[in-house]
Amino acid sequence: MDLSMPVSPSFAIASRSRQASLVWGSRRVTVGGGAPVRVQSMTNTDTVDVIGTAIQVKELAMAGSEMVRLTVNTHEAAKAVPLIRDQLDRMGIDVPLIGDFHYNGHRLLTEIPECAQALSKYRINPGNVGKGDKHDRQFAVMIEAAIRWDKAIRIGVNWGSLDQELMANLMDQNSRRIHPWDVKSVMYEALISSAISSATQAVELGMNPDQIILSCKVSGVQDLVSVYRELSKRCDYALHLGLTEAGMGTKGAVASATALAILLQDGIGDTIRVSLTPQPGESRTQEVVIASEILQALELRSFVPSVTACPGCGRTTSTTFQELTQQIEMFLRTQMPQWRTKYPGVEHLKVAVMGCIVNGPGESKQADIGISLPGTGEAPAAPVFIDGEKCMTLRGDSIAQEFQVIVENYVEKRFGIPLGNRV
Ligand code: SF4
């Protein structure tokens, strides 16, 4: 065995795409071209409901969404968009809005210019722009609006609404091959061709290629990996990554995380959305939480302090350990909206909550601040480690509350802006 070489650390490769900018007023969010991989989300309110939609956009933004997409499906919805933008500005919510257009985008963007102006990006689905000779004309109208108002666009192709004329054409070509491809390969080709040829068309109409973002969404993990690997080889546009119709709950979260992690690790993807169907009563913000966790797990971004917790086993004596882990996770997440500005860098904090002496002290020492709860047969004492050193032992029924205070004090001391530097 050769021990002369160290084991190389693994890391996600940086994307090398062009950079798009989503601008609103004097503010800007960049996508691609070395910018951090952005988290985005989509509302599920009726866009006509200005207050309800503004509140949901606010919730998504507070949870960490860096851009939010709205359905713009009717004249009423288009008229609501500038009102939502104004409402968000009044609430001090700094997030760009993206309009999701299908079928009638060409009309909405020209007939309601205030909508075209209030949005920072237009999502155009080439499969839903119009059929036959209308397709190119209506597509051109949307691109002209983007050029006129200086907006970014996403050419968002979707497996479920693929351009049927293009697909029929490719199937026809395929049937003339000596060795025809399987239908899936033709479908992959149709998705990629639709995105790239639409982008080429947009550039020919005068669109700045930097302002074009592409996506080719499918609902299967392996399909998504195949399509995006090829898409990223064929172009340098910024890419929006996401598994469409990922599903609900654990299934949706796991499928999205699996697909996105494979691609992001290879430097493919500049902005991500987790298209999760919310469980009844579940907050829409769950998709933002999962997207952020994917980026944080890959060490591409840091959004909230991380909590290392063991799974617990027969050595854990009570539910205290699970309760403490849950409480501390919740506490850190709810503090983040204020902590982000008050304690710069706090998102890099590492906390450990461990169930017993087996791995507890070791893992706690690796964290900035950690606690090792007593397991079966251990003395009822919970040592606390700060910056790798054991510094106190907690006992009794209020370990959770005391540990929370210790974390808060640590955050204030380490990340607090000194009084003299506050503005
Ligand atoms: S640290 Fe202790 S309680 Fe936690 S999983 Fe390991 S052995 Fe079990």
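Glycine is treated like the rest: Cβ placed from N, Cα and C.
Record features (TrEMBL):
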{"type": "DOMAIN", "residues": "28-290", "note": "domain 'IspG TIM-barrel'"}
{"type": "DOMAIN", "residues": "307-408", "note": "domain 'IspG C-terminal'"}
{"type": "BINDING", "residues": "Cys310, Cys313, Cys356, Glu363", "note": "[4Fe-4S] cluster binding site"}
Mean of pLDDT values spanning the domain 'IspG C-terminal' (307-408): 90
Number of Cβ atoms other than its own within 10 Å, given for Cys356 ([4Fe-4S] cluster binding site): 22
Helix, strand or coil at Cys356 ([4Fe-4S] cluster binding site) [DSSP, three-state]: coil
Close in space, distant in sequence - Glu363 ([4Fe-4S] cluster binding site), Cβ under 8 Å, 6 or more apart: Thr308, Cys310, Ala352, Met354, Gly370, Ser372
Winner by Cβ contact number (other Cβ atoms within 10 Å) across the binding-site residues Cys310, Cys313: Cys310
Beyond the site residues Cys310, Cys313, Cys356, Glu363: chain residues whose C-beta lies within 8 Å of the centroid, for [4Fe-4S] cluster: Pro311, Gly312, Arg315, Thr316, Met354, Gly355, Val358, Asn359, Gly360, Gly375
